[in-house]
Amino acid sequence: MSATIIDGKAFAADIRSRVAEQVAALKTDHGITPGLAVVLVGSDAASEVYVRSKGRMTVEVGMESFEHRLPEETSEADLLALIAQLNADPAVHGILVQLPLPGHMNSDAVINAIDPTKDVDGFHISNVGLLGTGQKAMVPCTPLGCLMMLREHLGDMSGKEAIVIGRSNIVGKPMAHLLLGESCTVSIAHSRTKDIADVVRRADIVVAAVGRPKMIKGDWIKPGATVIDVGINRVEAEGGKTRLVGDVDFDAAREVAGAITPVPGGVGPMTIACLLANTLTAACRANGLPEPEGLTV
Ligand SMILES: Nc1nc(=O)c2c([nH]1)NC[C@@H]1CN(c3ccc(C(=O)N[C@@H](CCC(=O)O)C(=O)O)cc3)C=[N+]21
């Protein structure tokens, strides 16, 4: 049996077109254009590519894109001053500070300086606390995208065994909270987990977010399980080229799983679509308007 391939690229395009429709309605009915500010400090090549594609898609859905590129040696005080300015700007509904930040900055202090209602990454401690207590939060884009794909393919997840592999603040932990919200039985595995293969084999839902190429083997997967691969690892390929692979050994896992996301074309495009959805949500909340349907948790 070969798994259903969950097409994140197509699903993300569908979400973006729904966002675009609602952005158009916000403009005509209320004269509001949602705005997203992206701040990039330094010039990491991968970040550059990612920031450019975010900017392009922001404009494509009819939102305003504000890009701020600061030199690597920018002081934390200067970055905090920019954030204060964006917090106060009514044209800016969402603020994203690209991570990782240069080593001389305190990332926690920077993230927590963002107005939590504009924190479209969902990384501010207020949003983390709201999500952790089941209240309305800004939900981190990658876990939100994973949840949307799981809901689409499984519907009701109540009582299912879910495992999240990886315990990062940006993916693993918020993902576990979202799965708890779906009434799954949730485990989090990580580098110190004993007998990880056996733990993963119990799961109906596997979310892999460790950042190690092909770490999760085909024979770790329970037959019929749904596998969401968050990993985006650039590895060397033939002819001195590079290619992207996930955290899951895709070719082996697809023979066992019921459904699986590919890399590229799975979680990555969903992350950007959810960033746009969060920006729309922030713009609606900021203006006391009802939230967009089907685009929030
Ligand atoms: N504050 C902050 N928020 C982020 O959400 C954030 C960040 N910092 N720093 C960097 C990571 C990385 N990230 C990606 C999103 C989409 C793709 C994506 O769309 N990938 C395509 C492939 C792209 C390619 O071919 O290179 C795919 O998986 O199909 C990749 C990476 C968001 N990040």
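Every residue, even glycine, has its Cβ placed from backbone N, Cα and C.
Within 10 Å of the C-beta of G166 (NADP(+) binding site) we count 24 further C-beta atoms, all protein chains included. Per TrEMBL, NADP(+) binding site is recorded for G166, R167, S168, I232.
Among the features that TrEMBL reports, domain 'Tetrahydrofolate dehydrogenase/cyclohydrolase catalytic' is placed at 6-121. Each residue in the domain 'Tetrahydrofolate dehydrogenase/cyclohydrolase catalytic' (6-121) gets a DSSP state, and the totals come to 60 helix, 19 strand, 37 coil.
Sequence annotations record features per position, and here TrEMBL assigns domain 'Tetrahydrofolate dehydrogenase/cyclohydrolase NAD(P)-binding' to 140-285.
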Annotated binding-site residues G166, R167, S168, I232, filtered by Cβ under 6 Å to ligand 1: I232
Set of same-chain residues at least 6 away whose C-beta sits under 8 angstroms from S168 (NADP(+) binding site): A209
Cβ packing number for I232 (NADP(+) binding site), 10 Å threshold: 20
Averaged pLDDT, computed only over the residues in the domain 'Tetrahydrofolate dehydrogenase/cyclohydrolase NAD(P)-binding' (140-285): 98
